Amino acid sequence: MRLSLFALLVTVFSGVSTQSPIFGPQDVSSIEGNSVSITCYYPDTSVNRHTRKYWCRQGANGYCATLISSNGYLSKEYSGRASLINFPENSTFVINIAHLTQEDTGSYKCGLGTTNRGLFFDVSLEVSQVPEFPNDTHVYTKDIGRTVTIECRFKEGNAHSKKSLCKKRGEACEVVIDSTEYVDPSYKDRAILFMKGTSRDIFYVNISHLIPSDAGLYVCQAGEGPSADKNNADLQVLEPEPELLYKDLRSSVTFECDLGREVANDAKYLCRKNKETCDVIINTLGKRDPAFEGRILLTPRDDNGRFSVLITGLRKEDAGHYQCGAHSSGLPQEGWPVQAWQLFVNEESTIPNSRSVVKGVTGGSVAIVCPYNPKESSSLKYWCHWEADENGRCPVLVGTQALVQEGYEGRLALFDQPGSGAYTVILNQLTTQDSGFYWCLTDGDSRWRTTIELQVAEATKKPDLEVTPQNATAVIGETFTISCHYPCKFYSQEKYWCKWSNDGCHILPSHDEGARQSSVSCDQSSQIVSMTLNPVKKEDEGWYWCGVKEGQVYGETTAIYVAVEERTRGSPHINPTDANARAKDAPEEEAMESSVREDENKANLDPRLFADEREIQNAGDQAQENRASGNAGSAGGQSGSSKVLFSTLVPLGLVLAVGAVAVWVARVRHRKNVDRMSISSYRTDISMGDFRNSRDLGGNDNMGATPDTQETVLEGKDEIETTTECTTEPEESKKAKRSSKEEADMAYSAFLFQSSTIAAQVHDGPQEA
């Protein structure tokens with residue numbers, strides 16, 4: 001017993017929670033002898049387009065007997081008066097039934113499937129008897145809120161008699177209006193009696209803003225007593241029959257409203273029926289339901305009262321009955337014209353689920369994926385910003401063939417991905433003013449319109465991608481390189497540079513894709529991707545983006561503007577460098593370069609070297625004094641001094657010649673290496689190991705330069721760089737090597753040292769002589 005009850009509950013709840021994707025009119029009414037057309041909707045799939053469609057009548061036992069199907073079956077009772085037509089291009093099928101009788105009243109199902117237990121929708125059909133009217137009764141049929149004009153004829157004898165219109169209420173006939181200017185209070189400001197032109201046998205009564213209670217039998221009368229002329233008029237006031245709208249979840253719907261010229265100057269609205277009331281979701285006076293914020297637009301079509309309401313990003317709760325109308329208050333009022341719709345939201349949507357909210361931070365970027373119908377890959381794509389004015393508007397910011405709107409240059413681009421069923425919109429350099437709602441649109445299938453809310457918060461840290469400085473200047477004809485730093489989390493992603501223009505951001509080739517003017521290289525060990533312009537041209541000026549992506553999925557980006565200027569006359573030509581790379585690598589390179597310059601200055605200004613030079617000069621002066629005294633004393637002393645001087649100058653001249661040759665060779669080698677240098681190679685050639693091991697390798701023969709302090713500073717810098725490297729990279733071995741500049745310094749230091757030694761010998765020689 002418990003098991004059976006559990007199975008029953010499961011069946012009941014599963015039936016409640018599962019909504020059939022078939023949709024049609026719930027209630028259909030007509031009168032005997034007339035015809036009806038019943039339209040049923042089904043999901044747009046290949047299987048549904050080709051499967052069996054049927055129309056069956058439910059019996060008391062729950063069995064549904066087929067009356068007509070798309071397989072060609074037609075029951076006897078429908079023979080000659082019914083048809084079923086499938087419209088696969090619209091995903092609908094229509095059942096037409098003619099010559100209705102009261103016996104056709106009942107419950108029916110329209111559905112899909114090989115049996116009548118497949119997918120279906122319940123329809124109730126009611127056929128009424130033809131109403132009986134008195135002889136010569138004219139029938140007027142009007143919708144609620146409209147105006148009816150009742151025509152009343154009379155004979156010439158009653159041309160000057162009293163005219164009136166009354167409404168039958170049981171056996172009595174209550175006057176609505178007469179020619180004495182009497183008007184029933186319930187018809188005040190709505191009923192008018194008049195005659196047209198020179199007509200002497202017809203008068204007219206207009207009743208405007210019709211309401212359901214106005215329906216009934218009316219009597220026109222001209223004259224009094226037995227000679228009076230009377231006409232009967234039956235007025236039927238109908239509720240507007242709702243138009244069916246079948247839409248997929250996450251798609252869009254448009255309500256086209258045409259209320260007529262009589263309300264062209266009144267405020268318009270769209271409301272959703274809720275039991276006895278109709279709640280306004282938008283009107284032309286600025287009222288808007290918060291549940292539709294960012295996804296609704298009201299657009300006037302012309303001056304005749306036509307307007308449309310577009311809703312995107314449909315949700316399950318959007319299904320229901322809607323009405324559009326007009327009134328000076330912008331709210332529904334009885335007796336004013338309305339149009340009605342019934343919206344069905346199919347949860348088995350072909351539109352993929354996408355993010356409805358995207359978050360970003362100031363200075364950062366967002367990449368928004370917009371789906372579109374894959375069958376329309378050649379359609380034009382757009383992206384617009386929803387603005388909350390009175391009716392709502394969405395001006396286009398960018399499109400596949402549209403220029404980027406002013407104010408978004410350099411920071412907005414649309415990347416079309418044909419065949420993928422989606423395109424990507426990237427917006428960078430975010431500000432809090434960018435927060436709001438955005439729409440993805442195409443000029444194809446109007447159902448594929450999606451809404452995204454962008455939320456931009458204040459940044460609390462630096463962006464993941466960073467290029468500094470934000471304003472860079474390149475010189476025409478020179479080589480320009482700029483670096484983009486990225487964190488370790490982007491290590492496995494593809495890094496790229498692209499040049500922004502009004503028609504997108506075109507990705508630049510990397511070095512291994514061939515030599516071109518603009519190229520990109522990536523240094524994984526230092527997490528830098530660099531862009532090089534070689535040589536710089538005037539057309540290279542503009543915005544450049546550095547970004548990351550995985551396949552066709554775009555990630556973060558950052559932007560920089562590169563200005564291009566002519567080389568000033570007399571300015572030096574610096575080939576391998578650029579201001580941006582120098583600024584970015586300043587903490588590392590400036591410390592290295594300043595240390596090298598400090599080492600060179602200390603070597604040149606060493607006081608010991610100046611002391612040695614002074615000793616050579618003093619030794620020469622002392623030798624002259626000794627030679628002068630020798631000349632005064634004896635000729636033998638003069639001859640001995642000349643021999644000593646000759647033996648000293650010859651080796652000194654040879655040493656000077658050897659030193660000059662060594663310096664020249666070192667300078668030539670240094671010049672060749674400089675020609676191959678760039679900023680990055682300079683950082684590689686002069687490694688930390690060179691400064692640590694230079695003393696052991698003879699690079700610091702001048703001990704007065706006190707290199708210990710310099711080595712301490714450089715070692716500390718090297719340790720900082722090691723800790724900031726990505727842990728995924730193996731540590732590079734540091735090999736000590738001697739640069740060409742150090743070799744030149746070594747040769748020059750050796751020359752000075754040997755010169756000081758010879759000078760000391762010259763100083764000692766004459767004394768011993």
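Each Cβ is built from the backbone N, Cα and C atoms, and glycine gets one as well.
When Swiss-Prot is consulted, the disulfide partner of C484, picked from C394, C440, C546, turns out to be C546. Disulfide pairing as given by Swiss-Prot: among C278, C324, C370, C522, C440 connects to C370. If you compare S186, S526, S687 in Swiss-Prot, the phosphoserine annotation sits on S687. For the glycosylation sites shown (N90, N135, N206, N471), fewest C-beta neighbours within 10 angstroms: N135. Stretch with the largest number of CB pairs closer than 8 A to the domain 'Ig-like V-type 4' (353-457), among 21-126, 135-237, 240-341, 463-563: 240-341.
Long-range Cβ neighbours of C220 (disulfide bond) (same chain, at least 6 residues apart, Cβ-Cβ under 8 Å): I150, C152, R153, K163, S164, L165, F203, V205, K230, N231, N232, A233.
Nearest to N90 (N-linked glycosylation site) in space, judged by Cα atoms and limited to the glycosylation sites N135, N206, N471, is N206. Spacing of C440 (disulfide bond) relative to N206 (N-linked glycosylation site) is 49 Å (Cα to Cα, whole number).
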